[in-house]
Every structure is written in structure tokens, then in C-alpha cells.
Amino acid sequence: MEESQNNIENGIVSDIYKGLLDNNHKEQWANNINGSRTPPQNMAASMVRKKSDPILVANVRFQMLRSLLNNLQEVVLGTKLALLFPAIPLAIAADFYHFGRPWIFALSLLGLTPLAERVSFLTEQIAYFTGPTVGGLLNATCGNATEMIIALFALRQNKIDVVKYSLLGSILSNLLLVLGTSLLCGGLANLKKEQRYDRKQADVNSLLLLLGLLCHMLPLLFRYASGLNNPFATNTLQLSRISSIFMLIAYVAYIFFQLKTHRQFFESQEGDEDEEEEKPVIGFWSAFSWLVGMTIIIALLSEYVVGTIEAASNSWGISVTFISIILLPIVGNAAEHAGSIIFALKNKLDISLGVALGSASQISMFVVPLSVIVAWIMGVQMDLDFNLLETGSLAFTIIITAFTLQDGTSHYLKGVILFLCYIIIAACFFVDKIPMNETTVGNLGTVLEPSSGVLVA
């Protein structure tokens, strides 16, 4: 009897020990292969993915062909946005056969939608093999690759206003449209539940956004404080470039803060602990090759978008300002936006906040100053002065968002307010018919060219 009891106890201890080993193995896999945590942008984009059926390629005889078909199945067909992939060859054909430029713009915009989500998927696959630090840095720099590529092509064509408006629109879209619809849908779907989230990550991102806002406002304030009779353009440009350097330093500090010293602030974004750990579905070099190829396609379509945006504006009767600030960000981040709403419906607001605030902070503190530095290298005079209307919209957006997230709880009314703020701002830019390079009228009735500092009577 005693021996039997000892055997039972030993069996229980053995099971417990085995369970600990399994948990340790699972944790080691998560830390060493998948990185310290899955970025919220990738988690949101994963909601529009669909799992492949391995049976479809399992019966293929040749290993190389089977691997190729598996990659095609995972990369091209592994998203619910795969129906938009035909827009890519159609856009190329439309440009080759000289179709209407508005058609090229529309097809290129549609083609960028699945590509943006697939870049997120491929960087996540690469992060499985690179470890937490390199994977985190990769996701931190490639999270808004589409916006960066569009900005580079616009800078190459000296379309500074397109760069400013598209990046400003990304910030406004994430803070008001994405976050607003997420809180609205999440609140309606969880009326009988208390929706709470961790304020720590919201506070950190709010501080970054406020720092970015200060760097945007100082050149504008300096321009008006100097008076319209002073040649201030050079000084404003120098101030913007210095501010951009410090913004990049602040972003590097934020990445170190997020990945190393205060990872616990962001661990609540992971979701349920009992969810099955994901594994890579394609190899490292396959993911890297696909990433390079899709980046080249994004670059081609971005060149189409930048080169045909004025033609689309004239054909549709919509200002370039509205297209750049409203349409481009909505289409470019459609996958993340949809994923953020789905997580809010599941009452996982930490992930939704990570998507909206994290992406807005990345645009404000990394993509914008990087564009200024790259323009400096290219000899293009891009500054951080986004003009009074645009900077004012950004300021009120950040302030409203910070007030909305200050108590750590959520309900659908907060989402309604943020969404309506976005609609009002969109209406403002819709009725704004001022051309991109139009001069700004000051309080003395003098017209000023912002890019050159030349005064015109």
C-alpha cells in the first residue's frame, strides 16, 4: 500500500516536472525564435491572414517545386486581401499601354494594400530566426515601410507637400480613425463588460507624440514670430534638421526602452497566455527573398502613385491634400486597421492601442525626421513646418487622444468622439482647394513662398 502511494506521488511529481520542462521549452521557443513578443502591428495584420492547407502541396513529388508552391501558398494566398493582387499587374499594364493616369493611380493604390500586409508578415517570419533584439529592430523599422517608400519617391520628385501630407495623414488616421473605430466597435460588442487597458504604454506613446508635436510647432512658431519681412527660411530649415536628429535619438531611446529595460510595459499586448505559440511557415532566406521582391514592387507602385496623384486629383475633382492626408493612409494601412478593430471586438484593447499609438509614434518620431534627413542628403529643402492648418489639426488630435486615454478605461462614446473628430478633419481638407505649392498669406497681407522664403507683394 505504501509502495503504491509512493509510486503515485512519484508519478505526480514526474508529471509536474515534465510539465515544467514543456513550459520551459515553450518559453525558450518563444524567446529565442519568436522574439520577446509579437509586435501589435503584426498581431493586428495577422487577423486578415488565413491558414494554408498543407495537403495541397504535400503530394508534389519534387522537393524544390513543393517548396516553391508552399511559399506561393503562404505568401501570396495566405491573406484575405489576395483578391487585390491582380491590381498590381493591371497597374503595370496600364502604365505600359499609357492608360489614363487616374486609372494608374487607383490600381497602384489598390495594389499597395495587400503588399503592405505581406511586408508585415515577412518581417515577422524573419524575426522568428533573428532573435528578440534584431527582430524587434526589424519590426520597428519596417512597420511602416510603405509610407517610407512613398516618401522617398516623393522627395526624389521634389514633392515635399505630398511627403508632409501623407505622413501627417498616417498619424491622424491611426490616432482618430483606427483608435476611434476600435474603441467604438469594442465598446458596442462589450457593453456588459468593463473594458480596461494598461495605461503605461499609452503614457509612453503620448509623451513621444507630444515631443514630436513640439518639434513640428517650433518651426511654425518661429516663422510667425520672426515676422514676414525677415528671411527666415534658412533658419527654419536648420532648426528642423537639428530637431529631426534629436527626434531620431528619442526614437532609438524608445526602442531600447521597449525591447530591453521596460519590456514589461508592453507585455500585456501579447494576448492570452494559453494561445498556441506560432511557428515560422517559410524559411529565412525564402522570407528574405520575398521581402526584397515585394519591396521592389512597392517601390514601383509608389512611383506610380506619386507621379499620377495630381492627375487623379484633377480628374476626380478632389484636392491633392485630401488624397494625401485621407486616402493614402487608409488604403496603405487597411490590414492593420481591420486587425485592430477585430482585437477590440475581442476586448483586447492593449493590442488595439499598441497598433494605433505604436504606428503613430513610429511615423512621428522615425519616418518624419528620417524624411527630413534624407531630403537634406538629397539636397531637398524639407522642413518640419507643416503649415498652420495641418499643425493645428495634429495638435488637437494628440491632445484629444491623450485626454481620451488618461483613465485606463474605455467605452463606445470615446470611440464616437474620436471618429467624429476624424470625419470633421477630413471634411476640412476636402473643402480645402488650395494647390500644394500655393503661397501662405500672413497677417500683413504679404504673400510668402514657404519653401524659398521669397516675399511677393
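Backbone N, Cα and C atoms are what each Cβ position is placed from, and that goes for glycine too.
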Annotated range (TrEMBL: transmembrane segment) out of 53-72, 313-332: 313-332
Stretch-level contact, the transmembrane segment (75-97) and the transmembrane segment (280-301), CB cutoff 8 A, at least 3 pairs: yes
Highest-contact recorded stretch vs the transmembrane segment (203-222), from 280-301, 313-332, 353-378, CB pairs under 8 Å: 353-378
Contacting positions for the transmembrane segment (353-378) when only residues 6+ beyond its ends and CB under 8 Å are counted: 39-41, 43-44, 140-141, 143-144, 147-148, 151-152, 155-156, 160, 163, 167, 170-171, 174-175, 178-179, 182, 197, 201-202, 205-206, 208-209, 211-213, 215, 240-241, 243-245, 247-248, 250-251, 254, 266, 269, 333, 336, 339-340, 343, 384, 401, 405
Contacting positions for the transmembrane segment (167-191) when only residues 6+ beyond its ends and CB under 8 Å are counted: 144, 147, 151, 209, 324-326, 328-330, 332-333, 336-337, 340-341, 343-345, 347, 349, 352-353, 355-357, 359-360, 363-364, 367-368, 371, 386, 390, 393-394, 397-398, 400-401, 404, 410-422, 425
